[in-house]
Amino acid sequence: MRIVRTTDYKDMSRKAANIISAQVILKPDSVLGLATGSTPIGTYRQLAEWCAKGDCDFSHVSTYNLDEYRGLSHDHVQSYHYFMRKNFFDHINIDLANTHVPDGANPDSDAACAEYDRIVADAGYPDLQLLGIGRNGHIGFNEPDSVFSKGTHMVNLTQSTIDANSRLFDSPDEVPRQAYTMGVQTIMYARSILVVANGKDKADAVRAMCFGPVDPQCPASILQLHTNCTVIADEAALSKCPL
Ligand code: PGA
């Protein structure tokens, strides 16, 4: 794992955007694995700025998001379909037909997950996978468990994730209890991985990810076994790491 220390959120976002931009410059038809959450928003904003200036071209890029709530329509304001359009796709020159998010509106979880595995495999898996990390060490919606997950599957969200995400809903009761997520094995198929983390409430998870045992109780710890994983984190998120 390469660990890049940044001064603050802005610095983290710029450095992550630089790596994604370089990926797209070197391979204009890159397959990008993308993430939702608060952490990558600054990265998306920076890339959109460069795209508006003509410095970054997404016209041949295709994207595959990690996860989606089960039971929300694609235009629901809390869906990850909506999040990605609002925070990224509407501001760059990507063809929306080349963007993919698991189909949370399909209640048939087996069919929705199998279909997503098929399209990610057909795309040859991401050249670069962007990840945030949950306070409990989750990646995508792969929550702490006794095993590492494989392909796309339905998950019951843990109370800590429901609580963390309830800030974005009008009331905690509205937070969906289930989601479809790419599995840990699929995430590990990406040729490169870029994890972004900021803030002191991520410090325990970042330490467990980078320095703890490789243990499905911290799903992100598997990234220690990836051959090309970069963690970009601010001082606060790295504050508990033995660096
Ligand atoms: P956050 O979420 O960026 O909103 O902190 C990260 C995650 O849960 O993966």
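The backbone N, Cα and C atoms fix where each Cβ goes, and this holds for glycine too.
What TrEMBL says about this one:
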DOMAIN    22-228  domain 'Glucosamine/galactosamine-6-phosphate isomerase'
ACT_SITE  D67  active site, proton acceptor
ACT_SITE  N136  active site, for ring-opening step
ACT_SITE  H138  active site, proton acceptor
ACT_SITE  E143  active site, for ring-opening step
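Per-residue pLDDT, averaged across the domain 'Glucosamine/galactosamine-6-phosphate isomerase' (22-228), gives 97. Long-range Cβ proximity for E143 (active site, for ring-opening step), meaning a same-chain Cβ under 8 A and a gap of 6 or more residues, is found for G134, N136, V155, L157, T158, T161, P219.
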